[in-house]
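Engineer: Structure in structure tokens, see below.
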Amino acid sequence: MGSKAACPWLDYLLVVVVVLLVAAAGSAAAEAAFDENYAVQWGADGYHLVIRGTEANITMDQSSGAGFRSKSMYGSGFFHMRMKLPSGYTAGVVTTFYLISQPEDGSRDEVDFEFLGDKAGVPVTLQTNVFVNGRGDREQRLHLWFDPAADFHDYKILWNPYQLVMFVDDTPIRVLRNLTATVPGYPFPARQTMLIRASVWDGSGWATDGGRTKVDWSQGPFTAGYRGFDVSGCASNGSATPPCGSPDLWWNGGDYRNITAEQRAAYEDVKKNYMNYDYCADKGRFNNTVPVECNYA
């Protein structure tokens, strides 16, 4: 009888322990609030950029778009942003997530996710580009295998001393190895720290059909959602060299120095089935040759 009388207390203690464990797990998994790592860059009027704790909405109308930036500069990291793009007719609308060095001049480094809107029913184009020491002209464009306006998806940039890899969710869509030590003239953004930035703006002059199809303001306003404001990066206000190259940082470790065989297969599938423009294949643009990095893609 005595052991039975003790059971309710044991049950109560078990419930308390479970509740505490669940609360601890929930706290550990809590998303970062916008203000922890980011600040408004432009469009801070309470309408074009609306921040609700762990989510930010950028709205573009004929008067303005908006943008935000990280509070810190980074020298390496595995950066990400969860995004839901504007829906419907979005021709001319450019929605972005990117890294960029400062100042934004002719010697800048930059790594771009640019989502180029289109007419209703036509898939959005994802354009990526990499600038090194002010030189870009490295565009790759693809159509995604899902509707990026239907839900949030994770867009990621792994940038370390060994490689630059851009992901859509967990699928690599662009890979640039750092071969600067062995290949003369090989471009890799390794010497400058970079900000994280995001924005929605009017790209009518170039974004859709080469600029022939403009933003139709009667179809607006155009709103994009952003989440995922935690940052896995080496904050630095100086050079991107050590300590941001330290192997003690998890994104610089052995598992992140090359893509895996499975990731390589997924990447090749993207290039074969979803990519519709690759500067490496555009020999006419480069006097019947290709930039040096294209020989090692």
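We count from 1, first residue shown onward.
Keep in mind that glycine also has a Cβ here, set from the backbone N, Cα and C atoms.
These came from TrEMBL, pasted as-is:
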{"type": "ACT_SITE", "residues": "Glu110", "note": "active site, proton donor"}
{"type": "ACT_SITE", "residues": "Glu110", "note": "active site, nucleophile"}
{"type": "ACT_SITE", "residues": "Glu114", "note": "active site, proton donor"}
{"type": "DOMAIN", "residues": "10-226", "note": "domain 'GH16'"}
{"type": "SIGNAL", "residues": "1-29", "note": "signal peptide"}
Engineer: Taking every residue in the domain 'GH16' (10-226), what is their average pLDDT?
Structural biologist: 93
Engineer: What count of other C-beta atoms do you get within 10 angstroms of the C-beta of Glu110 (active site, proton donor), across all chains shown?
Structural biologist: 20
